[in-house]
Amino acid sequence: MGCVFSLPEDRRDAAERAPTTRETSFVEKMKKTGKNIIVFYGSQTGTAEEFANRLAKDAQRYGMKGMAADPEEYTMGELSRLSEIENSLAIFCMATYGEGDPTDNAQDFYDWLQENDDEDLSGLNFTVFALGNKTYEHYNAMGKYVDKRLEELGGKRIFDLGLGDDDGNLEEDFVSWREQFWPAVCEHFGVEASGDESSIRQYELKVHTDVNMNKVFTGEIGRLKSFEVQKPPYDSKNPFLAPVTVNRRLNKAGDRHLMHLELDITGSKIRYESGDHVAVFPTNDSALVNKLGEILGVDLDVVISLNNLDEESNKKHPFPCPTTYRTALTHYLDITNPPRTNVLYELAQYASDPKDQENMRKMASSSPEGKSLYQSWVLDSCRNILAILEDMPSLKPPVDHLCELLPRLQARYYSIASSSKVHPNSIHICAVVVEYKTKTGRINKGVATNWLKNKLVNGHKSTVPMFIRKSQFRLPFKASNPVVMVGPGTGIAPFMGFIQERGWLKQQGKEVGETVLYYGCRYKNEDYLYQEELEEAEKDSVLTQLNVAFSRDQEHKVYVQHLLKKNKDHLWKLIHSDNAHIYICGDARNMAKDVQAAFCDIAEEVGGMTHTQATDYVKKLMTKGRYSQDVWS
């Protein structure tokens, strides 16, 4: 998908912010509110934050009191002071982002851990649960680092590091870890589980009957009316509404819909570089929202607030309030992903059929039978919350409890397909529309790509709330360095920006090194994206070599890695003698691995290395920043 990461972005809404005299000392806050467990999260897509909230809620079942906390909002240098609180424990739910990097909100904490060698954390009890994805090179690097580093600084590990793999079943990894974690905590602190398995509400519903509609959120991410009165700087908490100026289908035939969009950022003061990502905030399909309203039997246009029962919490509402159920289900809540087990567990009580109740609780348990039921009935069948409600007619939850439990709808990331040197006021996106049939015969549609597809130029509301996320995916500092780009499918996106930029550098009279592209698609006459632009760039010698693999135009499949092997002598010279930079963009699971293996083979075959030496050679290129990946799974 046009550089869609399965991980989009966390936010702290202005609406959710406490007054500005915010307490930055989590120790003082814990003392004041009688908490002894703090759960920090490093989260890019909301999942680590969700897990942190679940753990903080769990504490209550064990007669302890927990709070979830964003490390960006507190002074992390206070970890050594946690010993001032009896039976205190710090839990870290840490996701890894990009190439083994911390998430945006954990960057400062990461820097602090690296810089403070003389910190004494001997009074700190800690445990870490890491969230990552095995298809990536640096699997769970952030969680592993935090776990190791806290121990180095004298902290006491109460329970083993948990490793969650989003390529497998992250939810199951978490549930299994948590199942063993709490008994270990109880044993460590000598407390008994209260056995209270009942559902604990975090928010209370307030229905507004006579509210001034100017005070009601209608989809803004941060400040009320921020979409009407736009003020820079623009970021994840204050996105810019960019008009769509181009939206065209890229492929000539075939049943997929590949598209090229251009967003106008004139006057926004937004700056970007080739290789950066653009994040967009999509909205859910109104047909899905209406069906939810129907099946739950509610008037979606009632104005409501969900207010945190813990008045000291920094998070006053689960999403901007006051708002309507319709707005919440359209703009703020994720209604298309299969629900996690805690949602099923908490909703079970609303099923009137005891069998349904039992199955929902079973799916949330760690019994093998329950796990496999969740895997087959929810995950493998791709059942979203609507499908679950349709297929379990006895389940009739109150809409406010459902809204409390559903995760936030996240921003989606795309690699920018343009260069700001050539297009300073426009950001290009290349993406494939996601649509597939599930095992239950339903058609599931990707939220963001279908929403983007329907953004008609000059149409009503054809603007896209967006912001930029900087990346490490950068052209070499010296234009004379050769570049080798490998990007099949929508992996071509950042390379369109790179090619534009190399062309611009050439026009400026700079000495530009060889610029080599390896691109791949299914059929030359169907889905060869940007064919005219690429052939033009080759004609103008901006691309010194254009290699295209058409995987299905002949009997046997031909992929980019096959073409790499074919040109091994030329590539080895570029890499080994000419200091070339290598860039890979696209699918992490198969392509990126196969391409890396191909480069290792070249180092063996042409460079005369052993298998181990070749593997190390490629890893060293990564460390030196000469082998960069922008991949997703």
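Here the Cβ of each residue, glycine as well, is placed from N, Cα and C on the backbone.
Across the domain 'Flavodoxin-like' (37-182), the DSSP tally of helix, strand and coil residues reads 64 helix, 35 strand, 47 coil. Among the features that TrEMBL reports, domain 'Flavodoxin-like' is placed at 37-182.
Sequence annotations record features per position, and here TrEMBL assigns FMN binding site to 43-48, 95-98, 131-140, D166. When Cβ atoms from all protein chains are considered, those within 10 Å of G98 (FMN binding site) total 21, not counting its own.
If you take every residue in the domain 'FAD-binding FR-type' (237-476) and average the pLDDT, you get 97. Annotated domain 'FAD-binding FR-type' per TrEMBL: 237-476, in sequence order.
Contacts of Y559 (NADP(+) binding site) defined by a Cβ separation under 8 A and a same-chain sequence distance of 6+ are given as P488, G520, A549, S551, M591, D594, in order along the sequence. What TrEMBL lists as NADP(+) binding site is R256, T490, S551, R552, K557, V558, Y559, V560, Q561, D594.
The FAD binding site feature in TrEMBL is assigned to R412, Y413, Y414, S415, C430, A431, V432, Y436, G446, V447, A448, T449, W632.
Y414 (FAD binding site) sits 24 Å from Q561 (NADP(+) binding site), taking the CA atoms of both as reference points. The Cβ of S551 (NADP(+) binding site) has 17 neighbouring Cβ atoms from other residues within 10 Å, across all protein chains displayed. Burial estimate for the binding-site residues (Y136, Y139, Y414): highest at Y414, by number of other CB atoms within 10 Å. Comparing C-alpha positions, Y139 (FMN binding site) sits nearest to W632 among the binding-site residues C430, K557, W632. In terms of Cα spacing, the binding-site residues G46, Y136, V432, A448 that come within 10 Å of R256 (NADP(+) binding site) are V432. A separation of roughly 10 Å, to the nearest angstrom, links the Cα atoms of W632 (FAD binding site) and N133 (FMN binding site).
Fewest other C-beta atoms within 10 Å: among the binding-site residues S43, Q561, that description fits Q561.
Calculated from their C-alpha atoms, the gap between A95 (FMN binding site) and R412 (FAD binding site) amounts to 17 Å.
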